[in-house]
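Straight from TrEMBL, the features:
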TRANSMEM  B:21-41  transmembrane segment
TRANSMEM  B:47-72  transmembrane segment
TRANSMEM  B:93-121  transmembrane segment
TRANSMEM  B:127-149  transmembrane segment
TRANSMEM  B:161-182  transmembrane segment
TRANSMEM  B:194-218  transmembrane segment
Amino acid sequence: MDRGDRRVFAGLSFSLESGNALVVTGPNGVGKSSLLRTLAGLVSLSEGSLNLEGGQSERSVAEHTHYFGHQSAVKPALSVKENLAFWRDFTAPAHVSNFDPKEYGAQDILEDLGIGHTSELPAAYLSAGQTRRLAVARLFVSPRPIWLLDEPTSALDANSEAQLIDLMNDHLRRGGMIVTATHTPLSLSPLQSLRLEALSIEDLAPLEEIG
Amino acid sequence: MSSWALSLFQRELRLAVRVGGGALVGVLFFLAVVTVIPFGVGPDLNLLARIGPAILWIGALLATLLGLDRLFQADRDDGSLDLILMAGRPLELVVLIKCLAHWMATGLPLVAAAPVLAIFLNLEPTAIGAVTLTLAAGTPALTLIGAIGASLTVTLRRGGLLLAVLVIPLTIPVLIFGVSAADAAVNDPVPFMTPFLILCSLSLISLVVGPFASAAALRFSSD
């Protein structure tokens, strides 16, 4: 995978079963976010392929996937409810056979995440953590089996972090998949991990191995 | 119209008219350009009436360019563009709907303001009607052509100037036929319909080419 003429990683291969989580760790700048963006179809592969077994054949892997990056994709000028309702209507849900999502209404998930009282307020009034929780809510209103979470717990307090981990475990139990890049240990199960390590400077290509 | 398309359209319109949306910036800029020119040109009413349609058209072109750089940039800045690309909706239609909403919020006010501003320029009633009609037919083309430039410059910080440089040459045909149709309505021997129909066809061509070119550029932008 290349970004701006620079090889970020090569020879990387892994597979993930339904109901499993993969935690990607490694030092800053090694390519964790790049890996997630590649899986999300936002950066094209220079070699190799991504395959999803049992998905809807007419849809790409990215269209089975929720990407939750560093940016929250929340519009400050819209109310919390309007933000969420837009992503609910706009994001095409992906239904696959061995994934059984729990149906959430927009208000339900906002209540669950503790920001139900803000639903009529413009999103500009939310704190950083509340904005993050609003972004998390997006994953539940339009069910998709694969979640790509880039530093999901940043800006969250201990309670909401624990709650997010519960929700992630619930997603795994229902047959979903999670790939997450993180520095904080997350108690997910079943869990696989992938550690990206930078190779020596001369090679300019990080080594990768499956743990 | 399916629900996702309607939802996108409503979101775009809401964003345009609320705080920081900039729907009225274009029309205020249009007002500023058009009111300043009579002061510069001087009190020659015949001259003003002759160049009036051109002034209105150039004002509308510049005012349209002013808001275009935010068309995709605003979504890129907060990560929405990534999610839009992954949403599983046809990107060409997404671009078309965004352009439509953008035109409703920025182009339509220009068309509505044109008859009022035309009075400042000493245009006669036929010319006022003709300019307004040509703007209504031509400004969608400006937005759609501009969308191509907006998606090409989406990865650049402060790409607004580059956008203008890219887009202005492409909009010159629209300007030529818009102004000549408006002129033809006043000067008798020239038929009005010929340039007007060419203007309409330019709008229709950009309706097809704009969303496809713009969607292709957006797909490559997300690196």
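Using the three backbone atoms N, Cα and C, a Cβ is placed for every residue, glycine included.
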* Asked: Counting only residues 6+ away from its ends, which parts of the chain sit with a Cβ under 8 Å from the transmembrane segment (B:127-149)?
  -> 49, 52-53, 56-57, 60-61, 64-65, 68, 71-72, 95, 98-99, 102-103, 106-107, 110-111, 114-115, 118-119, 163-164, 166-167, 170-171, 174, 177-179, 181-182, 184-186, 192, 196, 199-200, 202-203, 205-207, 209-211, 213-214, 217
* Under an 8 Å Cβ to Cβ limit, what residues of the same chain, 6 or more beyond the ends of the transmembrane segment (B:21-41), are close to it? -> 15, 47-48, 51, 55-56, 58-60, 62-64, 66-67, 70, 105-106, 109-110, 113, 117, 120-121
* Asked: What parts of the chain pack near the transmembrane segment (B:47-72), using Cβ distances under 8 Å and only residues at least 6 beyond its ends?
  -> 22-23, 25-27, 29-30, 33-34, 37-38, 41, 81, 98-99, 102, 106-107, 110, 114, 117-118, 121-124, 127, 130-131, 134-135, 138-139, 142-143, 146-147, 149-151, 153-154, 159-160, 163-164, 167-168, 171, 174-175, 178-179, 182-183, 218, 221
